[in-house]
Amino acid sequence: MPIITDVYAREVLDSRGNPTIEVEVFTESGALGRALVPSGASTGEHEAVELRDGDKDRYMGKGVLKAVENVNEIIAPEIIEGDFSVLDQVSIDKMMIALDGTDNKGKLGANAILGVSIAVARAAADYLGVPLYKYLGGFNGTELPVPMMNIVNGGSHSDAPIAFQEFMVLPVGAPNFKEALRWGAEIFHNLAKILKGRNLSTAVGDEGGFAPTFEGTEDAVETILEAIKAAGLEPGKDVFLGFDCAASEFFENGVYDYAKFEGENGKKRTSSEQVDYLEELVDKYPIITIEDGMDENDWEGWKALTDRLGNKVQLVGDDLFVTNTKILERGINEGVGNSILIKVNQIGTLTETFEAIEMAQKAGYTAVVSHRSGETEDTTIADIAVATNAGQIKTGSLSRTDRIAKYNQLLRIEDELFETAKFKGLNAFYNLNK
């Protein structure tokens, strides 16, 4: 029987050497589910709470023993005494939400709740003898996502003097995921050669992208375009560009202050000037997606950006929407953004994650399944991307095992799906005038 007999959590480490939580779910049948929870560096203020211990004598205050204790001493007894089956995903998720009793999961911690939620799903897949993506998506989950590859890191993810947090390449012209991954890897390695030729650093940031001391945003973009061409690919046809501006990280007192990351060369821009600047970049370069181009609370700015660019560029809300259906609903009603970034730990359960994806897709918004800057070897987001036919995944650069693990899982899934596997490429951006 798939009745849950034990739930156990422990403190482990993420890709930055910071503590995170791992949860295991055991059943009468012997089926097992294990999940590790990611962590973000730049976080939206409306995200669900990641519970940390705050004990400066352990891991500089970043320990997660409280979250571990909440799983082992509060959540686990409720599940075991309730005779829950691993197939009761929605019921278990709703029980944990009620047990927490707060709007932001601040009592038990979203990291504690999410670890259990994913581990339950993995145990269910193990019990049924099917891959996780098939358990979550049934026979409909056949679309491999376009990878959004973060090959240059800036902002809060590196020490590079660039305000924008991520510069991404999207190999939309590839015939399948396997080739898209190869294209990305070849761009990455060609970029390394170019950087070495300029005596620039090839050290990598949190998400595996390079973090050299470029002379500014346009220098970074021009260098990436050079790498695309060096890989034998055509910008604007085979490969498009994307930014994660993470604008909330440098928005202060109503001003987008690039000097926070770029020093004396950084400009200060008003909300309208920020929109103008992003439009200039879109007009100049083959950019297909911009994430968090405006501050999470600058709804007027977001609306202006959407009115200006929303028909030709994917405008992704990360800090804006934080995988929250209530906030997403407001965005849909007000015509703000046209895409949502999906981060499982922003909301805290698989059930709520799937609800956000469904709401977005029904409204004609795209959904981009995403990692966090503090990752683990857990590959759940790869399965979620396929299960929901999200069409896009953002899981870092072409280095660091914590990033590559997700890409390798997608390669396995593509092989398993065989002839039923789909890769839509440019058509994954279904709400743009291409």
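Note that Cβ sites are derived from N, Cα and C of the backbone, with glycine treated the same way.
Secondary structure from DSSP puts Q165 ((2R)-2-phosphoglycerate binding site) in coil. The (2R)-2-phosphoglycerate binding site annotation in Swiss-Prot covers Q165, K343, R372, S373, K394, and the record cites sequence analysis as its basis.
The active site, proton donor annotation in Swiss-Prot covers E207 and rests on sequence analysis. Cβ neighbours within 10 Å of E207 (active site, proton donor), excluding its own Cβ and spanning all shown chains: 31.
According to Swiss-Prot, the feature Mg(2+) binding site maps to D244, E291, D318, an assignment based on sequence analysis. A sphere of 10 angstroms centred on the C-beta of D318 (Mg(2+) binding site) encloses 30 other C-beta atoms.
The number of other Cβ atoms within 10 Å of the Cβ belonging to K343 ((2R)-2-phosphoglycerate binding site), over all protein chains shown, comes to 26. Residues or ranges marked as active site, proton acceptor by Swiss-Prot on the basis of sequence analysis: K343.
Considering only the recorded positions Q165, E207, K343, R372, S373, K394, the residues lying within 10 A of D318 (Mg(2+) binding site) on a C-alpha to C-alpha basis are K343.
Taking the centroid of the Cβ atoms of D244, E291, D318 as the Mg(2+) site, the other same-chain residues with Cβ within 8 Å of it are Q165, E166, F243, C245, A246, I290, D292, V316, D319, L341, K394. Cβ neighbours within 10 Å of R372 ((2R)-2-phosphoglycerate binding site), excluding its own Cβ and spanning all shown chains: 27. The binding residues for (2R)-2-phosphoglycerate are recorded as Q165, K343, R372, S373, K394; their greatest pairwise CA distance is 17 Å.
Counting Cβ atoms from all protein chains shown, K394 ((2R)-2-phosphoglycerate binding site) has 30 others lying within 10 Å of its own Cβ. Cα to Cα, Q165 ((2R)-2-phosphoglycerate binding site) and E291 (Mg(2+) binding site) are separated by 10 Å. Geometry remark: K394 ((2R)-2-phosphoglycerate binding site) versus E207 (active site, proton donor), CA distance 10 Å.
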